[in-house]
């Protein structure tokens, strides 16, 4: 059955068509505005690219790094793309190799050495002069009597030498008996013995090869249980006797309640004359201290409130001293050197006479010229120096400013107290400690000499812990010698000195010595350090390398950093999306037998049932062909089909 539908075309008027076009344009504009508004509403604070390809495509199209744009522009030519890719990454690697060299140089903290010559008034250094005799022998003879007898007997046994050439047999026998009693109590643990060994010995360090036949004398040191002993040996018998005598002399001093009363601190009895810059010195210009071996010591120009200054060089513009060097009352077995000992050092620094001093000969005028030299080091990462010693893990036992020697000696004394239970007499006493005395500390000598071996080989770590100061001032000394006074003038010179000091100089030339200390020149040298590779230099070198290889700026570095951050962010986002997709459950599927239920079976078709269907036709009016004509836009009209 067919039904024919007749459609009647109706022509749309022109005005209606224009209105319709205008309405469609307005609707299109509204749709675009709504879409733009929705896009702005959905725009976030931080937007990332959707893929790696999009990220690198955007970077290569917009970066200011030279060569990166070629990776995109040459993508249709695979050979060029490969060439520029290899060249780009090779250049990148070379640039960062240069960066590594620059960073390594920067973190090595190199320095430049600066040498300056300064011309100014020079502050005169402190000068310490010692008598080389710790005590007057007449004042300590009673305390040293037992030690002297033991030493005399030892010299007789070893070298057949008697200190007293005229001695009765009874006195000798009595002395020998007393010595034997003393040896059994004190010295038998540390006896002097002659030893001769023919086998060679190898010494550690830089010591020259020594045959053991040269090691002739020494003394034994044992621990408290006498289970461990060793020989403290010397190649010279004089050195061995003096060291052994000094060891027991220290024990005697430690037992004495007060040794200050024995000090001969009379300035005039040692210093006959003192002048600085042609002006006489007075008591306000020196300080006094006592050394157990070097005796009474006088330090000139150590008062910080009134320091001497020198404007001109020369012998007449320095310090001139006339000192007494007679040995009428010296300890014979301890004071083996005649003269005086002098040392030049900075103010507020202890005078370590055995390290930096030298001896002045009697009957000689010693002229010492000085040249000042200051070294200033950079601290922090540039060198292992310290400003004031506050960052050094060693307690300063001296009442002075920090020096390397102060730290080293304090370190040894602290280890001495910890290891041996007592302090060494030559160094300051730590709080709560007492000086070593073998009546209380039987094996302190064994402990001390064992500790000395560890100290010198840096097993204690004192040389590693004690760092050098960042500013050090040293004086380069040059000495000249001449006989004083001359043979034709010595009579009247010594006569005047005897009348002036009320002391009869009997030995004349061997009784006095003259010392002149002055600046050789009024210029002094300063050695300084400055950083050779600063942060500014590093940034400049990095910029030069970046410009050389890529011709870019700091903003290009920011672009590269942005690329790295975007790459990391995209990696995290994609990984998170992949993880979420694995967590979403799959859609449910009906069971395989769901349609087996008889209730869901379709009805069988009845062949006798008639076929019925309904056809609905929707008849609309066909548009006019004039409606296909485009609307006017921008003042133009396009004519369509009629």
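We number each residue from 1, going along the chain as drawn.
Note: Cβ is positioned from N, Cα and C throughout, glycine not excepted.
Annotated features, as they stand in Swiss-Prot:
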- 1-81: topological domain 'Cytoplasmic' (TOPO_DOM)
- 82-102: transmembrane segment (TRANSMEM)
- 103-553: topological domain 'Extracellular' (TOPO_DOM)
- 130-297: disulfide bond (DISULFID)
- 170-209: region 'Disordered' (REGION)
- 178-197: compositional bias 'Basic residues' (COMPBIAS)
- 222-229: disulfide bond (DISULFID)
- 274-281: disulfide bond (DISULFID)
- 385-470: disulfide bond (DISULFID)
- 407-466: disulfide bond (DISULFID)
- 407-447: disulfide bond (DISULFID)
- 411-462: disulfide bond (DISULFID)
- 420-470: disulfide bond (DISULFID)
- 420-447: disulfide bond (DISULFID)
- 422-436: disulfide bond (DISULFID)
- 554-574: transmembrane segment (TRANSMEM)
- 575-642: topological domain 'Cytoplasmic' (TOPO_DOM)
- 587-608: region 'Disordered' (REGION)
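Shown on the structure are the features that Swiss-Prot records.
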residue : record         : DSSP class
229     : disulfide bond : strand
281     : disulfide bond : coil
297     : disulfide bond : strand
385     : disulfide bond : coil
407     : disulfide bond : helix
420     : disulfide bond : helix
436     : disulfide bond : coil
462     : disulfide bond : helix
Fewest other C-beta atoms within 10 angstroms, as judged across 229, 407, 411, 436, 462, which are the disulfide-bonded residues: 229
Average model confidence [pLDDT] within the topological domain 'Cytoplasmic' (1-81): 69
Winner by Cβ contact number (other Cβ atoms within 10 Å) across the disulfide-bonded residues 281, 466: 466
Residue 297 (disulfide bond) to residue 466 (disulfide bond) - Cα separation in whole Å: 27
All-chain count of other Cβ atoms within 10 Å of residue 422 (disulfide bond): 21
Spatial neighbour of residue 447 (disulfide bond) that is closest, considering only the disulfide-bonded residues 222, 274, 385, 420, 470 and their CA atoms: 420
Integer Cα-Cα distance in angstrom, residue 281 (disulfide bond) to residue 466 (disulfide bond): 37
Disulfide-bonded residues listed as 130, 447, least Cβ neighbours within 10 Å: 447
Cα-Cα distance linking residue 420 (disulfide bond) and residue 436 (disulfide bond), given in Å to the nearest integer: 9
Nearest of the disulfide-bonded residues (385, 411, 420) to residue 222 (disulfide bond) - Cα to Cα: 420
Disulfide-bonded residues (222, 297, 385, 420, 470), the one with most neighbouring Cβ atoms at 10 Å: 297
